[in-house]
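Record features, source TrEMBL:
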TRANSMEM  26-48  transmembrane segment
TRANSMEM  60-80  transmembrane segment
TRANSMEM  86-104  transmembrane segment
TRANSMEM  116-138  transmembrane segment
TRANSMEM  150-171  transmembrane segment
TRANSMEM  212-232  transmembrane segment
TRANSMEM  256-275  transmembrane segment
TRANSMEM  287-305  transmembrane segment
TRANSMEM  311-333  transmembrane segment
TRANSMEM  345-365  transmembrane segment
TRANSMEM  371-399  transmembrane segment
Amino acid sequence: MGLGGALIGPTLLKFGEQINLPFDRIVYILSVRSFGFFGGTIIGGYIIDAFPKFGGTFLTFALFIMCITTLIIPLMYYLIPMMIVHLMWSIAAGIVDNLAQILTMRHYKNFNVNPYLQALHGAFGIGALLSPLIIAPFLRKSSSIDQWHYAYWLIGCLHIPNILGILIFAIRDECCLKQVEEIKLENKEFVEENKQKEAIIKSDPEVKINEGVCSGNVIFLGLMTIFLLLYVGNETAYGSYLHTYASLHLKFPKDIAAYLNSIFWTSFTFSRLCGIPLSMNFSALQMITFDLIGCVISLTLIFMFNKVSWVLWVGSIFYGLSVGTLYASAIAFTEKYIPVTGKRMSILAVGGSAGDAIIPLLIGYSINSKFIGPIGFISILCIGTILASLFFGFIFLYVRHMSKEDMCDDKKTSEVK
């Protein structure tokens with residue numbers, strides 16, 4: 001997923017050359033990918049709830065779709081077919097994103113899940129790091145013909161070992177009769193527990209009050225969803241438009257801009273890998289606070305010194321280090337106050353997908369605007385990051401109030417039984 005997600009940034013201008021359309025039309029591809037990812041996360045949530053014992057099978061099928069679409073993207077020479085293929089890729093990517101996180105949380109439910117989530121997102125970072133490095137040699141001007149297609153075909157083929165590996169685990173885990181029976185038994189016990197809980201709630205008015213108070217869970221989940229909308233939108237937009245911004249605003253050669261993109265993903269990956277030990281020693285709140293401070297400082301420096309190339313290099317590294325652990329820390333922060341079930345994970349992922357759709361679209365229009373131009377890229381990111389920081393401050397104040405009032409204590413509700 002990291003390989004395919006970071007591949008589009010360095011090739012966005014190439015899409016315009018291939019289908020012979022201006023940049024403001026090419027950004028529709030980013031919007032389509034974002035809405036597809038939005039839909040994929042919803043589909044993934046329903047799939048894992050409806051078929052809990054076949055998560056590995058659906059994960060394998062989604063990866064297969066990503067593989068096929070990556071291979072055929074270079075063969076699209078018209079906008080509509082290319083948008084359709086990107087839509088299919090992004091829907092499959094949304095399913096993979098949701099299923100991978102839910103399956104990880106279920107597998108390690110008896111442990112501190114934060115380090116495992118950091119490792120999962122670190123794997124995404126590794127793919128995002130390698131992707132620009134793979135495509136950079138194919139963007140050099142020394143070649144008389146376009147060779148960027150080969151990067152897509154190479155990365156498409158790299159999906160195959162992953163597909164086979166997950167398929168083997170799916171066959172091992174899901175075709176075992178004993179495990180199927182255990183899952184059926186667990187589901188039966190879960191249904192019986194829910195029936196008992198409903199009976200107690202109907203018979204005990206105090207439980208009704210506690211259940212109503214849990215509407216605070218909905219508010220908290222909604223606030224975290226909006227926060228992820230701002231954060232994920234900024235992260236995606238930076239990785240997608242950094243190559244374009246460097247090429248248009250600072251006149252970087254395309255291969256050098258691709259290496260800049262790779263530097264960003266390198267720091268991003270390093271941050272996520274460091275997040276594994278850091279999450280064992282620092283709370284999610286502490287990590288989010290330091291991450292947001294780093295994001296604001298780095299983007300502000302890039303904006304203030306937008307004509308200085310080395311500031312863009314240093315700022316990209318610092319921004320990657322700051323933004324890398326935010327998503328997993330936000331999920332861990334959410335889980336500290338409310339249990340992150342499959343449906344709640346889908347809601348959080350939908351918030352991130354909405355950010356994927358909105359913020360890159362705004363930046364795409366600003367870059368193509370005669371009044372704003374490429375500087376709109378960093379301007380919108382600065383505004384979005386400051387808003388995300390202020391919004392998280394509001395969430396922290398709400399959580400403190402919620403804790404004092406003993407609101408939304410799911411554990412207390414479960415103890416009523």
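Glycine residues also receive a Cβ, built from the backbone N, Cα and C atoms like all the rest.
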Taking 60-80, 256-275, 311-333 as candidates, which has the most Cβ pairs under 8 Å with the transmembrane segment (26-48)?
60-80
Which of 60-80, 116-138, 256-275, 287-305, 311-333 contacts the transmembrane segment (371-399) most, counting Cβ pairs under 8 Å:
287-305
Determine which recorded stretch among 116-138, 256-275, 311-333 has the most C-beta pairs below 8 angstroms with the transmembrane segment (150-171).
116-138
Same-chain Cβ contacts of the transmembrane segment (287-305) under 8 Å, 6 or more residues past its ends?
234, 275, 278-279, 311-312, 314-316, 318-319, 321-326, 329-330, 333, 378-379, 381-382, 385-386, 388-389, 392
Residues sitting near the transmembrane segment (256-275): Cβ under 8 Å, six or more positions beyond its termini, same chain?
6, 9-10, 118-119, 121-122, 124-126, 128-129, 131-133, 135-136, 139, 238-239, 242-244, 246-247, 287, 312-313, 316-325, 328-329
